[in-house]
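Novice: What TrEMBL lists as active site, nucleophile is Cys6. Among the features that TrEMBL reports, [4Fe-4S] cluster binding site is placed at Cys240, Cys386, Cys437, Cys440. Here TrEMBL flags 6-224 as domain 'Glutamine amidotransferase type-2'.
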Amino acid sequence: MIKEECGLVGLFKNENSAEILYVGLFSLQHRGQESSGIIVSDGTSINAHMGSGLVSDVFTRDIIKSLNGNFGIGHVRYSTTGGSNKRNIQPFLVEYSGKPLAIAHNGNLTNSKTLRIELEKQGSIFQTSMDSEIIIHLLVRSNGSDVKEKLINTLRQLKGAFSLLIFTENSIIAARDANGFRPLCIGLLDNGYVIASETCAFDLIGAQYLRDVEPGEIVVFSDNGVESYTWAENVHRSHCIFEFIYFARPDSTIFTKSVYSTRHRLGENLAEESEFDGDIVVPIPDSGSIAALGFSQRKKIPFEFGIIRNHYIGRTFIQPLQKMRDAGVKIKLNPVKSVVSGKRVIAIEDSIVRGTTCRNRVKSLKDAGAETVMLCVSCPPIISPCYYGIDFPSKQELIASTKNVEQIKEFLGLDGLCYLSVNGMLDAMPLPGEYFCTACFTGQYPVNPDFNFNKYQFEE
Ligand code: SF4
């Protein structure tokens, strides 16, 4: 299954900063479950805590109470670049010229190897294998009279995907790459500001969505107010379309649009393209649910929860080892025999990556007595890896890169298989098609990775 990326929350200013960041991170837990961290400051002292595991495991009430401060940043992580080493937990905090500097990053740089080699030649010593540390090294070496100028010079050396939060002694700075691959939103909270990967982080803390950090923009939050700068000479939107299909929470607004409505339209378009008939439409929980609803309503076939998810284990794809993933899927989803038995089931899945977990699900539906199982997928076949922060497996492991639809149907043990077309997917989007990255479906990359990118990414 697909591994997630990371979630960011920042805050300027609020007396309850640690509590608010904690709740914000909790809302973004779906974006990363391996580790989390919070750094806050009251302008004189820095307080930080981070660790491996879920937000609720890393932070106790006493720890949150001990984190005094009125501004700060937080991060939840799934390891993309850098592996799951504890040293790679973010935010990444350093001291530079006697002052604190920390960074939280979502996305992958596509020129990280080149930059790292160059920096090491110049004498940099790295503590971690994260892209985020590269950015810190570049930042402290860059020309500029203040952090903002240095950051602009740094960002101009980066390629690929980065939504960033930077913590300084007296400010929080948000920045986004020139393609806007990953989301980053700004909200109002009391007299201050919150910045988060998705707006679902605002809802729990009572913040009001204001706007996105624009692609190619830096926004500085300090006692001087809010200042916006454009760092990129050329902006070409390439929002990750997979955020709408799968990653983002359906109650979020990302890229200024509702995830729920978009996912519903994906299901409607899938219904238009599918010729299958069945007795019931069954979502593969949870991310297939809204597309399944759209599909069911458009097809006028009853929607049934024919598979129940055990909510008390993590999302299987978050586990770093294949054997953990395989064990996870068996205990996570269970078909409801009384619902599926004797029925022609149309199952709705959000995506198929390797196909192994999907095959298990099809088998369990058949074991539960389904007469036939047809699968409709609310995105096109995934044929290429992602270089922008989503940890798809290598091209060879992507089932659709080596098998056609008929062969995949056979492999999965299905009676029918239908994918949404690229046009159907783009038509469901709430923004023009040219605003999106679709590289994992089309192989057309908006930013080419540097040499050896894949080797570097997956060798750890
Ligand atoms: S390649 Fe796919 S997953 Fe990666 S950014 Fe593009 S659309 Fe998103």
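Each position is counted from 1, following the chain as shown.
Here the Cβ of each residue, glycine as well, is placed from N, Cα and C on the backbone.
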Novice: Out of the recorded positions I have (Cys6, Cys437, Cys440), which ones have their Cβ sitting under 6 Å from ligand 1?
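Specialist: Checked recorded positions vs ligand 1; flagged Cys437, Cys440.
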Novice: Around Cys440 ([4Fe-4S] cluster binding site), how many other C-beta atoms are within 10 angstroms of its C-beta?
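Specialist: Result for Cys440 ([4Fe-4S] cluster binding site): 27 other Cβ atoms within 10 Å.
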Novice: Which Cβ among the recorded positions (Cys6, Cys240, Cys386, Cys437) has the fewest C-beta neighbours inside 10 Å?
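Specialist: Lowest Cβ count within 10 Å among the recorded positions (Cys6, Cys240, Cys386, Cys437) is Cys386.
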Novice: How far is it from Cys240 ([4Fe-4S] cluster binding site) to Cys6 (active site, nucleophile), counting Cα to Cα, in Å?
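Specialist: About 14 Å separates the two Cα atoms.
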Novice: Around the [4Fe-4S] cluster site formed by Cys240, Cys386, Cys437, Cys440, list the extra residues of the same chain whose Cβ is within 8 Å of the site's Cβ centroid.
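Specialist: Apart from the listed residues, the neighbours are Phe181, Ile241, Phe242, Tyr388, Ile390, Thr438, Ala439.
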Novice: What is the average pLDDT across the domain 'Glutamine amidotransferase type-2' (6-224)?
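Specialist: Mean model confidence (pLDDT) across the domain 'Glutamine amidotransferase type-2' (6-224) is 93.
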Novice: Could you round the CA separation between the residue listed as 'active site, nucleophile' and Cys437 ([4Fe-4S] cluster binding site) to a whole angstrom and send it over?
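Specialist: A Cα-Cα distance of 18 Å.
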Novice: Taking DSSP as the reference, which of helix, strand or coil describes Cys437 ([4Fe-4S] cluster binding site)?
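Specialist: For Cys437 ([4Fe-4S] cluster binding site) - judged by DSSP and reduced to three states - the answer is strand.
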Novice: State the three-class DSSP label for the residue listed as 'active site, nucleophile', counting H, G and I as helix, E and B as strand, and everything else as coil.
Specialist: strand
